[in-house]
Amino acid sequence: MVSWMICRLVVLVFGMLCPAYASYKAVKTKNIREYVRWMMYWIVFALFMAAEIVTDIFISWFPFYYEIKMAFVLWLLSPYTKGASLLYRKFVHPSLSRHEKEIDAYIVQAKERSYETVLSFGKRGLNIAASAAVQAATKSQGALAGRLRSFSMQDLRSISDAPAPAYHDPLYLEDQVSHRRPPIGYRAGGLQDSDTEDECWSDTEAVPRAPARPREKPLIRSQSLRVVKRKPPVREGTSRSLKVRTRKKTVPSDVDS
């Protein structure tokens, strides 16, 4: 782990940052010799980075692998060994010059195919999206049509036109019942007398009425203090005897006159 971190640090500093600054100086001073040198270095280093991806996967278990890699980077960069220029002149330049035409043809084909593949994938994506939208629309229409067909004419006629049931407040049931009652004497045929009011109401709406009680006059304060004395019932026999007696008394008065 330590060797891997040291190796990455060496490659970053001595393999990238220092050559980048040296290339900047060569471009600024317009020194052709230095310019060619660092161009050869960057070509070799690019090939090294491409090969490093494969070697890190398959050969990283090899002992002293990271140490060898650090030594190789320093050998490429060193002005004494000139490893980058040596590898470029001996191996890279001859192989590239040999296969230059083939590489150019592959690059052109890759550009054309990449453009065509992008267009084909775009068309396929649009076609898939359009087909999915059409299928979803047809499925929804088919489901709606199936539901409508399931209803027969009898089912449609059986649907009542009655309004939806309203909410009944338990605190104001009497007011709601009075609003629901039809007017007095109302029937399907027209208005009738008030005597037939009970017959007009249905069984559910008919409410039994309590017998009306006569209103008693409120007692005055003076009357409430009085004691009502009731006369004892008079018998019939006594009333007749009194009448007879009165008649007997009236007779002698006439004779004297």
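Start at 1 and count along the chain as shown; that gives each residue its number.
Just so you know, glycine gets a Cβ as well, placed from its N, Cα and C.
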The candidate from Ser95, Ser120, Ser202 that Swiss-Prot records as phosphoserine is Ser202
If one consults Swiss-Prot for phosphothreonine across Thr196, Thr238, Thr246, the residue flagged is Thr196
Under 8 Å Cβ-Cβ from the transmembrane segment (42-62), and at least six residues away from its ends along the same chain, one finds 15, 19, 23, 69, 72-73, 76, 83-84, 87-88, 92
Lying 6 or more residues past either end of the transmembrane segment (1-21) yet within Cβ distance under 8 Å of it, the residues of that chain are 38, 41-42, 45, 66-67, 69-70, 73-74, 76-77
